[in-house]
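This structure is in structure tokens; I'll ask about it shortly.
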Amino acid sequence: MANDKPHMNLAVIGHIDHGKSTTVGRLMFETGAVPAHIIENFRKEAESKGKGSFEFAWVMDNLKEERERGITIDIAHKRFDTAKFYFTVVDCPGHRDFVKNMITGASQADAAILVVAAPDGVMEQTKEHVFLARTLGITQLVIAINKMDAVNYDQKRFEEVKKELTQLIGMVGYKAAEILFIPMSSFKGVNISKKSPETPWYTGPTLLEALDTFKEPDKPTDKPFRLPIQDVYSISGIGTVPVGRIETGIMKKGMKVSFMPANKDGEIKSIEMHHEEQPQALPGDNVGFNVRGVGKNDIRRGDVCGPADIPPTVADEFTAQIVVLQHPSAITVGYTPVFHCHTAQIACTFVELRKKLDPRSGQTKEENPTFLKSGDAAIVQIKPSRPMVIESVKEIPQLGRFAIRDMGTTIAAGMCIAVQPKQMIR
């Protein structure tokens, strides 16, 4: 099935229980991506387990264990079409310990829907997700003020939440004037695909119309091919099949490739997308590909595939610009948290704190600071504990952004501004 519409990867972000999965389920239902009889089956099953309101969210939660726990765990790729685009949803789980999934999910997204429940307004994770979306390079955002049915579609409450959100997104550099705020109810289907009489005071677009205001992402096809691996399968009769999303460049059948830092070479035998074989694939495409000459155990999640003649850069050390989101005390030289960069998760050490910056202007405030605390921006030198692929944001921004986590929370986020490459023996 060739799809002539441009493709967008869409992250759905926001605090736990604000209705992210229900919103995705409703979008898929309203666009015909989920047949009505399947929704009906989900509804019956949900009612029998005492979770009547979960009917649309269950479209996403098609894993048994998740259904019973009532939460969405791993990132689920689902697709639906609007008039202008076809979207692949990168569903970003909302529970506290899943922020790292949010990081790897958001780094694959071209745009995001921020879901905020009208009764609660801005919550802790709303802030964290907005900050991460911005740091990870998501420039396009639609804000869904959800659960309006729970506040009787009150315009005053909508305006209060909108004001709160306008301040929050302004702090991280989004321009509120360019962002659409939609009063809606995913559960009731209000303002998703058609205007609702419940909100006569609202004259703006529906959620689906708002998604079509996004600008088509530039496809960085002129850059070297890069694909961070999400999973590796071994399929009988076919062989080794890595899966991932192309970040830059063009992937072609017959191409000679290198996997780094595994330092393994192979050849692409076939490429599959949405269960159909393709001769080539472009940035933004989620693909599985069969590779000759590489065993399942030779490569793993976090490795990056690139052309054999321009392999991905493996860092010995790298220089980064970071913003500290929250740290219980202070970051000093020697601190070794976990860096989440594309699909890799690697412990890295702060070997030098070069300068503290003014987070708004980027001007240097202090040379060689002794520590960094929450709210500080800085230029730092980092040494990975084992080989990792990271690229300068000037060269390949998609592989230059990262989040730093420790003790189950996101400590900081940042980008790589220079790499001291490790010499790989070929």
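Glycine is treated like the rest: Cβ placed from N, Cα and C.
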Looking at the candidate ranges 6-9, 30-33, 146-149, report the one that Swiss-Prot labels region 'G4'.
146-149
Do you know which of 70-74, 135-139, 260-264, 385-389 Swiss-Prot annotates as region 'G2'?
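That would be 70-74, per the region 'G2' entry in Swiss-Prot.
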Tell me which range among 14-21, 214-221 Swiss-Prot lists as region 'G1'.
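Checking Swiss-Prot against the ranges 14-21, 214-221, the region 'G1' one is 14-21.
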If Swiss-Prot is the reference, give me the range from 91-94, 195-198, 395-398 marked as region 'G3'.
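Spelled out, Swiss-Prot records region 'G3' over residues 91-94, not the other listed ranges.
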Tell me, roughly as an integer, the mean pLDDT over the region 'G1' (14-21).
80
For Met148 (GTP binding site), what is the secondary structure by DSSP, using just helix, strand and coil?
helix
Looking only at Asp17, Lys20, Ser21, the binding-site residues on record, which one has the least crowded Cβ, with the fewest other Cβ atoms within 10 Å?
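Selected from the binding-site residues Asp17, Lys20, Ser21 on minimum Cβ neighbours within 10 Å: Asp17.
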Including all protein chains shown, what's the count of other C-beta atoms within 10 A of the C-beta of Gly14 (GTP binding site)?
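Other Cβ atoms found within 10 Å: 27.
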Taking the Cβ of Met148 (GTP binding site) as the reference point, list residues of the same chain whose Cβ is under 8 angstroms away and which are at least six residues distant in sequence.
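Met148 (GTP binding site) has long-range Cβ partners Ala118, Asp154, Phe158, Pro183, Met184, Ser185, Val190, Asn191, Glu198, Thr199.
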Could you give me the DSSP helix, strand and coil counts for the region 'G1' (14-21)?
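Per-class counts: 2 helix, 0 strand, 6 coil.
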Rounded to the nearest angstrom, how far is the Cα of Gly14 (GTP binding site) from the Cα of Ser21 (Mg(2+) binding site)?
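Gly14 (GTP binding site) has its Cα 10 Å from the Cα of Ser21 (Mg(2+) binding site).
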